[in-house]
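A.B. asks: Structure below; questions to follow.
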Amino acid sequence: RLDVLGLHEFDSVRKRMSVVIRFPSGAVKVLVKGADTTMFSILRKDHKSHHNIQNVTLSHLNEYSSEGLRTLVVAARDLTGEELEEWQFMYEEASTSLTDRSAKLRQTASLIECNLTLLGASAIEDKLQEGVPEAIESLRQAGMKVWVLTGDKQETAISIGMSCKLLTSDMQRIIINGTSENECKRLLFDAKIKYGINSASCNQISTCQRDAENGYLEASASMQSSNLPEPHAGEEGVSDGPLALIIDGNSLVYILEKDLETELFDLATSCRAVICCRVAPLQKAGIVDLIKSRTDDMTLAIGDGANDVSMIQMADVGVGLCGQEGRQAVMASDFAMGQFRFLKRLLLVHGHWNYQRVGYLVLYNFYRNAVFVFMLFWYILYAAFSTTSALTDWSSVFYSLIYTSIPTLVVGILDKDLSHKTLLKYPKLYAAGYRQESYNMKLFWVTMLDTVWQSLVLFYVPLFIYDQSDIDIWSMGSLWTIAVVILVNMHLAMDVQRWLIFTHMAIWGSIVITYGCLVVLDLIPVFPNYNTIFQLAKSPTYWLSILLIIVLALLPRFIVKVINQSFRPSDIQIAREAEILKKNHSYIMSRPDHDTS
């Protein structure tokens, strides 16, 4: 039975953990474990045998790391009575301090974490979860850039990168292992010159040519001019293969705290893969902030441990994995999942569906409200800004509250342009999101022009038809009310991608509910539109007017839709047509050899 006298937890500055223990014999020892980069600097160096043990342990660490194992160095030291008493006094004072507690605890730990005797090194196997390589490859095909930020040794990080297919044998590896600011600066500039990376060209990531298949930014032809320095003799020549950046935490200390962030950003965004090894938790957050502050791209961070919390909180979207390392990452995240491979479905399927639904609904809600407002605006002009009204107050309130709200909610929740199988099979379809195909300024203004046209048809067609009649303004208002509701619902029906029973009930039921509300309102004698709907419904002209309004209003939209889908189909449209063809049983039976093409 051992008595624990104190514990110094791991922090991002020390990168180690220590515990003070009293043994049954009365001896007091401090046991320390941590990364080799921080442990070897606090070992005792007063004996030759210790130096030999360090060399043997270092070779073991390199061997374990090359096999992809996660390593730790363990060391110990005997504490005298005076050292123990001094440490206990400072430890109690630092633990109860109300200000600068973490700094005082680090200062207390430095008293005992020195002149340690090396005990050895440990290595454990941290297997990749099922489906990780396939998920990373799918995300990169979708046009996403995948970076790995880990606290493992460089050799371990490279081995894991190879096993998860983040690194490939045809990549040109750029390794940044600097021990000073000047050395880091030189390594960054040498790499940029060697591979023809121009700082000015990557200041705005959106201006570079994006490789949607591989997910990296290619250097433009102007970067690869002939006046760049040639590689020195003995250096590996520059090939056309993709680049991979590998950088350690010591280099990031000088880069992130100095004026070298721009150089790192230019170099990293020109690489297909980036691996940061031996990084502290705060450095992970610093890398994420580097991308957020210099680009408009969305960042997503995924981790499974407490050392990933700062990175998850810094990113635009944080995903926590619930595993054996606790639930700290899950508690700090926006989304929680059991395995990494579920990220593929979260982004490629649900992310695509959500973007398509939200993008369309934003345009549709602008249209739905604007066509009603424009119709009233034309009436105000026609009435010479008089105080007369054609619609009752109840009709204006019910338009957004009852008449057209339910179809918007149902389509916004249930509509799907493609099945999950198609989206998972063709990750490049995700590119429709960052190409802004569902919502952009061009679509917005085209929709507004279409809205103006539909409102003009909606207002003037009944005026033209009933020009010589004795119909009153309240009867015209009832016609406009039912016509605008039918029009916006037919507009929505033209764009529905997936028809379900709930979709039919919402769209067509909304029209029935509108007629029901109009009947109820017209039965109230105190209202000025009393009995108007019953008189209008008896006339065939009323029904022909509604039909003419729908046809003329939607005809330009229908023609443009047919032309675009026939002569300029998008990737989404082509995939939808392929889905429809595959649903045809005779088509599948006639081409059994092409199911996997």
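All residue numbers here begin at 1 and follow the chain in the order shown.
The backbone N, Cα and C atoms fix where each Cβ goes, and this holds for glycine too.
Keep in mind that what you see is a predicted model, and the values were worked out from it rather than measured.
The ATP binding site annotation in TrEMBL covers Phe10, Lys33, Arg70, Thr150, Gly151, Asp152, Arg278, Lys284, Asn307, Asp308. If you look up TrEMBL, you'll see Asp304, Asp308 marked as Mg(2+) binding site. What TrEMBL records for 330-570 is domain 'P-type ATPase C-terminal'. Here TrEMBL flags 366-385, 397-414, 443-465, 471-492, 499-521, 541-560 as transmembrane segment.
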A.B. asks: Determine, to the nearest whole angstrom, how far the Cα atom of Arg70 (ATP binding site) is from the Cα atom of Asp304 (Mg(2+) binding site).
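C.D. replies: On Cα coordinates alone, these residues lie 15 Å apart.
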A.B. asks: Write down the Cα-Cα distance for Gly151 (ATP binding site) and Asp308 (Mg(2+) binding site), rounded and given in Å.
C.D. replies: 10
A.B. asks: Counting only residues 6+ apart in the same chain, whose Cβ is under 8 Å from the Cβ of Arg278 (ATP binding site)?
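C.D. replies: Correct list: Ala35, Thr37, Gly151, Asp152, Lys153, Gln154, Asp248, Gly249, Asn250.
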A.B. asks: Taking only same-chain residues 6+ apart in sequence, whose CB is under 8 Å from that of Asp304 (Mg(2+) binding site), what do you get?
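C.D. replies: Looking at Cβ-Cβ distances below 8 Å from Asp304 (Mg(2+) binding site), excluding near sequence neighbours, one finds Gly320, Leu321, Cys322, Gly323, Glu325, Ala329.
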A.B. asks: Between 366-385, 397-414, 471-492, 499-521, who has the most Cβ pairs under 8 Å to the transmembrane segment (443-465)?
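C.D. replies: Stretch with maximum Cβ contacts: 366-385.
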A.B. asks: Quickly jot the same-chain residues contacting the transmembrane segment (397-414) by Cβ under 8 Å, restricted to those at least six beyond its ends, or write none.
C.D. replies: 357-358, 361, 364-365, 368-369, 372, 481, 484-485, 488-489, 492, 496, 498, 500, 502-503, 505-507, 509-510, 513-514, 517
A.B. asks: Inside 10 Å of the Cβ of Phe10 (ATP binding site), count up the other Cβ atoms and send me the figure.
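C.D. replies: By my count, 18.
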A.B. asks: Six or more residues out from either end of the transmembrane segment (541-560), which same-chain residues have a Cβ under 8 Å from its Cβ atoms?
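C.D. replies: Sequence-distant neighbours of the transmembrane segment (541-560): 450, 453-454, 457-458, 461-462, 465-466, 479, 482-483, 486-487, 490-491, 494.
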A.B. asks: Express in Å, rounded to the nearest integer, the largest CA to CA distance found among the ATP-binding residues Phe10, Lys33, Arg70, Thr150, Gly151, Asp152, Arg278, Lys284, Asn307, Asp308 named in the record.
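C.D. replies: Farthest-apart Cα atoms in Phe10, Lys33, Arg70, Thr150, Gly151, Asp152, Arg278, Lys284, Asn307, Asp308 are separated by 21 Å.
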A.B. asks: Which residues, given as numbers and ranges, are at least 6 beyond the ends of the transmembrane segment (471-492) yet have a Cβ under 8 Å from it?
C.D. replies: 364, 367-368, 371-372, 375, 388-392, 395, 399, 403-404, 407-408, 411, 454, 458-459, 462-463, 507-508, 510-511, 514-515, 518, 522, 528-529, 532-533, 535-536, 542, 545-546, 549-550, 553-554, 557
A.B. asks: 10 Å Cβ neighbour count around Gly151 (ATP binding site)?
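C.D. replies: I get 23 for this one.
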A.B. asks: Just counting, how many other CB atoms are there within 10 A of the CB of Asn307 (ATP binding site)?
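C.D. replies: Cβ-Cβ neighbours of Asn307 (ATP binding site) within 10 Å number 21.
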A.B. asks: Taking the binding-site residues one at a time (Arg70, Asp308), which has its Cβ surrounded by the most other Cβ atoms within 10 Å?
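C.D. replies: Result for the most crowded candidate: Asp308.
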